[in-house]
Amino acid sequence: MQTLFLSLLAAAVTVHAYGSGGSNWDQAYSRAKDALQKLNQTEKVGLVTGVKWMGGPCVGNTYKPESIDYPSLCLQDSPLGIRFANPVTAFPAGINAGATWDTQLLYARGAAMGAEAKGLGIHVQLGPVAGPLGKNPNGGRNWEGFSVDPYLSGVAMEKTIRGMQDSGVQACAKHWLGNEQEHYRDTISSNIGDRAAHELYVWPFMDAVKAGVASVMCSYNKVNGTWACESDALNNKLMKEELGFPGYIMSDWNAQHSTVNSAVSGLDMTMPGSDFSNPPGSIFWGSNLEAAVADGSVPQSRLDDMVTRILAAWYLVGQDQGYPPVAFSSWNGGKANVDVTADHGTVARAVARDSIVLLKNGHGTLPLRKPKSLAIVGSDAIVNPAGPNACSDRGCNNGTLAMGWGSGTAEFPYLVGPLDAIQKRAAADGTKIVPSATDDPTAGASAAAAAETAIVFINSDSGEGYITVEGNLGDRNNLDPWHNGNELVKAVAAASKNVIVVIHSVGPIILETILAQPSVKAIVWAGLPGQESGNALVDVIYGDTTPSGKLPYTIAKQAADYGASWINAETDDFPEGLYVDYRHFDAKGIAPRYEFGYGLSYTTFKYSGLWVNMDASAGAANGQVVPGGPADLFEVVGQVSVSVRNNGRVAGAEVAQLYLGLPDSAPATPPKQLRGFQKLMLQPGQTGRATFKLTRRDLSYWDVQQQKWVVPSGTFKVYVGSSSRDIREEGSFRVRRGW
């Protein structure tokens with residue numbers, strides 16, 4: 001098997017990537033090097049070593065030097081808001097942000113999160129998430145990321161990071177690399193093939209680095225037999241040399257395993273500084289690192305490089321200019337002395353609303369038109385009676401599901417439950433509500449029988465492996481709805497002729513039992529919508545907004561169709577290679593239930609006028625390395641466009657999607673891969689033009705012999721449509737043999 005970094009040497013190096021960075025990084029490095037000269041050795045070590053768990057107000061804190069005007073750095077979760085603080089906004093999860101396929105909303109969500117972090121004095125917000133990518137559909141933390149597709153995930157990473165850092169907080173791209181399951185995450189070795197690593201798992205991190213991300217977090221697992229946080233191949237060779245990353249690499253909390261090896265292999269900051277329980281010998285850096293530099297085990301230049309990278313990131317986002325002090329403590333209930341939420345609930349609602357995916361809509365069941373009566377069935381329709389924050393880190397499944405569990409969470413300032421929002425709308429419409437906020441099938445059937453239409457709420461939860469919920473150790477045990485959701489739907493469908501199913505889930509669930517019920521006329525996926533859950537749902541099911549979300553993953557007919565799942569072992573050889581999610585379904589000829597990129601609307605769209613203009617030559621990318629990779633890899637070499645017309649009677653947004661098929665001269669490759677998308681908002685009868693700019697990277701595959709990105713020669717296939725399988729326009733272009 002070809003393994004990651006096959007041809008790379010194991011020798012430790014000190015990498016200086018800043019010389020090839022953009023002007024902002026260059027200026028930041030100039031200032032960082034000046035500051036470095038003023039620090040003594042103990043202060044340098046203090047900048048790269050956490051003060052220990054609960055040693056400061058944040059989940060991660062560094063020592064404050066006296067020689068320069070630089071703070072104790074505050075590092076804080078999470079990728080969807082601020083953990084352990086209130087009041088803050090509980091935004092929709094990453095998987096919902098990805099399902100919007102909306103670059104403006106992705107940026108706005110990142111900017112709002114960054115503004116709240118800065119307002120609380122947080123220097124580093126621990127997100128966004130590119131790993132797990134989500135190769136295992138039941139992986140526990142998939143929902144923290146944006147999509148199983150690396151292109152969509154990469155765009156979302158770029159927009160989110162730019163939004164966060166434009167607001168003044170340092171972003172942290174995580175988890176680097178191969179952290180695809182929670183079972184055995186502290187011991188498992190992710191043995192990833194070199195090509196699959198680059199084309200799938202590294203790809204969105206390239207976009208993060210290109211966007212100027214300040215920091216990267218290495219993961220708990222091993223990669224090809226070496227701990228991720230002390231892998232020279234992973235951190236020095238790939239991240240810092242190949243991707244030209246000028247920022248710093250921090251450990252996940254307690255993911256460090258050594259003093260010298262981690263230092264010389266590219267780790268720049270250790271968190272939280274000591275083990276949670278702080279046993280003797282658990283501090284790998286601090287005085288131990290200072291001693292290792294003194295005896296020559298770690299070069300002085302390596303320590304100076306760590307510090308320079310950390311200082312440069314601080315200068316890069318302007319945190320030296322009037323940055324607020326830390327305004328909360330994670331350990332006393334998180335009550336902040338400032339309110340940073342502003343109007344961010346509006347952003348949260350927009351993301352939640354535009355991420356909703358309409359999976360089925362038989363007989364125009366939706367939108368609702370002032371029904372005389374509605375049965376609202378299922379515990380997922382209401383807020384946890386004990387309160388939305390009753391379970392630490394959301395480690396329970398009681399009431400409506402609006403985020404998964406673990407460190408990637410935030411405290412709800414409020415949570416609008418679906419029943420509450422529907423009742424408010426129903427009161428205005430004169431609709432009678434018949435509630436059954438329980439998962440008991442008999443009670444649900446009774447409520448449904450007394451109403452014109454029944455809406456059944458079901459869910460499926462997951463999270464981080466340090467919490468087990470209902471027997472699920474982070475990863476989901478299966479892809480079925482929780483709390484006997486299938487039986488609940490069957491009972492309601494037997495009692496009602498008009499059933500709508502709403503799904504709150506961390507990822508795909510198998511829907512065959514539900515679809516087998518003739519009375520189920522509509523199915524809505526609402527994901528993990530955050531604090532504005534009910535309001536966003538009402539916006540869509542009542543037709544105030546036309547649904548425009550698209551699936552960020554495939555929904556299969558049976559779990560076995562995915563060809564991947566978390567494994568009960570300490571080694572994962574990633575046997576699926578490149579063939580993950582729709583790439584696997586396409587290559588194997590497996591019909592999904594709902595394909596990647598799928599989503600219905602209340603209107604219809606017609607595609608026409610495909611236009612392709614290409615000026616690319618075959619060959620390898622050989623340009624100077626800039627943040628993200630070789631500069632020529634990101635050159636625009638072509639353009640594809642298509643017209644999209646709204647043929648319906650209501651306004652709606654359509655996500656036009658571009659997929660490419662590589663020529664036969666390329667080694668075995670999935671039949672098609674996403675390489676562009678654009679969301680168009682169109683009034684009835686209006687035509688818009690979707691335009692996709694293609695770079696050399698979009699046309700390339702990773703050549704394991706050359707260790708370069710290569711554009712193959714021959715005929716490329718062009719597919720444009722409404723999903724990965726609903727292709728409306730096809731074309732092709734040829735790439736000549738060249739440089």
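Heads up, residue numbers simply count up from 1 along the chain you see.
Quick reminder: no glycine exception, Cβ is built from N, Cα and C everywhere.
What Swiss-Prot annotates here:
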- Asp252: active site (ACT_SITE)
- Asn40: N-linked glycosylation site (CARBOHYD)
- Asn224: N-linked glycosylation site (CARBOHYD)
- Asn398: N-linked glycosylation site (CARBOHYD)
- 1-17: signal peptide (SIGNAL)
### recorded positions: Asn40, Asn224, Asp252, Asn398 - member with fewest neighbouring CB atoms within 10 Å
Asn40
### Query
Asn40 (N-linked glycosylation site): which of the recorded positions Asn224, Asp252, Asn398 is the nearest Cα neighbour?
Asp252
### Query
In Å, rounded, how far does the Cα of Asp252 (active site) sit from the Cα of Asn398 (N-linked glycosylation site)?
29
### Query
Taking DSSP three-state, what's Asn40 (N-linked glycosylation site) in: helix, strand or coil?
coil
